[in-house]
């Protein structure tokens, strides 16, 4: 069974835990309890492949920012979550993305941009703004509602598909790299 290490990042109060718990337990948590760090595991079937999702739900509060580098090192893919009714959380996405790229030392890291709380009428972030940002990053964008469960699975499963593509690209790049010839040596004593 293939394991995928997913990390959910974003500002405090955007619904990272609500999305994760909705996926894992089919339950909406409506009281806000700031997360320090929670880990969840769930076995699912995506495109006919049985997968084990290892999901790290992270702290959005700035006082826990020192912990970010550590979980960013171990994560394979990142759900970058903002709330559609919180412009600041949308603006913060750039900071999270840059930090992920720095820690991973790569421009090419599997990510999905997630606009959560799409069930709310009080939108301050336009869908087109988010689509344009995702397009500029070269990543998918999905609007979700942890409350109604709208596209929650889709967000996580899309990230798994992004990781799969990344893994395949990495393997094919390694196979094409010249100079990867094993040199055999003899030691004469």
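For all residues, glycine too, the Cβ spot is worked out from N, Cα and C.
Checked against Swiss-Prot, the range among 23-31, 32-40, 41-49, 50-58 recorded as motif 'Effector region' is 32-40. In this structure, the recorded positions under consideration are 1, 29, 116, 119, and the one with the smallest number of other Cβ atoms within 10 Å of its Cβ is 1. For residue 16 (GTP binding site) paired with residue 1 (N-acetylmethionine), the C-alpha to C-alpha distance reads 26 Å.
Neighbour density at the Cβ, taken as the number of other Cβ atoms within 10 Å, is lowest among the binding-site residues 10, 13 for 13.
Across the structure, residue 119 (GTP binding site) and residue 1 (N-acetylmethionine) are spaced 35 Å apart at their Cα atoms. Mapped onto three states, the DSSP output places residue 16 (GTP binding site) in helix.
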